[in-house]
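Student: Mind having a look at this structure? Questions to follow.
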Amino acid sequence: MDEIFKQALPVLQKLTAAGFEAYFVGGSVRDFLIGRKIADVDIATSAFPEEVKEIFPKTYDTGIEHGTVTVRENGTFYEITTFRTEGTYEDFRRPKEVTFIRSLTEDLRRRDFTMNAIAMDAAGRFIDPFRGKEAITAKQICAVGDPHERFHEDALRMMRAIRFVSQLDFQLDQATRQALQENKALLAHTAVERKTTEWVKLLQGKAVNKALKLLVDSGVEVYLPGLQGKQEALLQLATWHFSKLQDELATWLLLAAAVKPESASQFLRAWKLSNKTIQVVSKAYERLMDYPEEWTATDLYYAGEQVLCLVGSAFEIMYAKDGVVNELLKQYGELPIHSRDELMADGRDLMAWTGKAPGKWLKITIEKLEKEIVQGRLSNTSDAIKRWVVDEESR
Ligand code: ATP
Ligand code: MG
């Protein structure tokens, strides 16, 4: 058994000692069987949330309405979710209500794919009523039960299928692939935020190339923000060297670079990203689209470290280059200053030296000063700046 499961064993044991069933489930069991790094361990139990709370001295109601209670064991937090079925589905979205049940098999039945519907008990035995292990051996993604029904219940599962193709380098079995083709339009009803989560994982997977081809072949892009009619851009994106990709911001930058939207910020806003992400990625996008042949000191300074890293890594990925980020950071490091805070004089000094009251001149003078110093025409010392300011005033 993997160390990460061993550490979590006391949680299972406490539940079973109290007379309940408890298992490891979901992505952790799948990733263990694949030999992939396990992200986090999810636990499913026959105990109802109130019963879980009686067993553990301290619990957190992180998702209590869905039956999830978080507990802490040896400094690690674990989510314990009561076996459940997911009542009625409205509008092809995740159901609002869930029903708690005592049957593991019924809990596994509501899961999306057979590879995600395997449970493992405290002794390391697998409970695999839908033959998920076979699917894993065959590298296949198969819906649990009838794929049409399952995609009707929750259309996001189609995005998840493609995301798993990318992360695991598996393929959809024929029935699941067919159901994707026939039901993709249901994705129009799925909340953007849920699509965004899957999309980021998709673009960061090791078989992103294959996943993007599947996405375009099945026409799913039509239901993703700003990607209607962008098949070619997505296929181009698929050819870039994604193995270097680590960062979510760079993912969005590359997507924008492939799609070339009229307004990057509008495009990113459609994916409901945070304002901070939109701002940084849009700035990086402008710079990437207008990539300098030689980076001047002012180019580097006004880009700033974060944007330089983003633009540099996107450039490396698009053009299969090495060392671009390092080179940009080296040049950036050699700048005399990196922000206004590093100037050896501030507004108060400027007013004292000139005897002038605050006003618009101050902002203009500081901006000019910044440029002089960045471009190496003036040294960043209090004396030099004073001389320059007094000179400037007398001009
Ligand atoms: P990851 O490694 O990215 O976390 P995961 O398989 O654990 O992958 P989660 O979103 O964490 O994915 O979901 C945990 C489990 O819950 C899944 O393995 C699956 O059994 C089930 N699940 C998640 N989302 C759905 C869904 N939309 N429909 C049905 N089952 C789902
Ligand atoms: Mg998970």
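For all residues, glycine too, the Cβ spot is worked out from N, Cα and C.
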Student: Of the residues Arg72, Arg102, Arg109, Arg111, only one is listed by TrEMBL in the ATP site with Gly27, Arg30, Asp154, Arg157, Arg160, Arg163. Which is it?
Tutor: Arg111
Student: Which binding-site residues from the list Gly27, Asp40, Asp154, Arg157, Arg163 come close to ligand 1, meaning a Cβ under 6 Å from one of its atoms?
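Tutor: Result: Gly27, Asp154, Arg157.
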Student: Around ligand 2, within a Cβ distance of under 6 Å, which of the binding-site residues Gly27, Arg111, Asp154, Arg157, Arg160 show up?
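Tutor: The qualifying binding-site residues are Gly27.
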Student: As a test of the contact definition, list every same-chain residue at least 6 positions from Gly27 (ATP binding site) whose Cβ is closer than 8 Å to its Cβ.
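Tutor: Ile38, Ala39, Asp40, Asp42, Asn116 - these are the non-local Cβ neighbours of Gly27 (ATP binding site), listed in sequence order.
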Student: How many angstrom lie between the most widely spaced Cα atoms of the CTP binders Gly27, Arg30, Arg111, Asp154, Arg157, Arg160, Arg163?
Tutor: 21
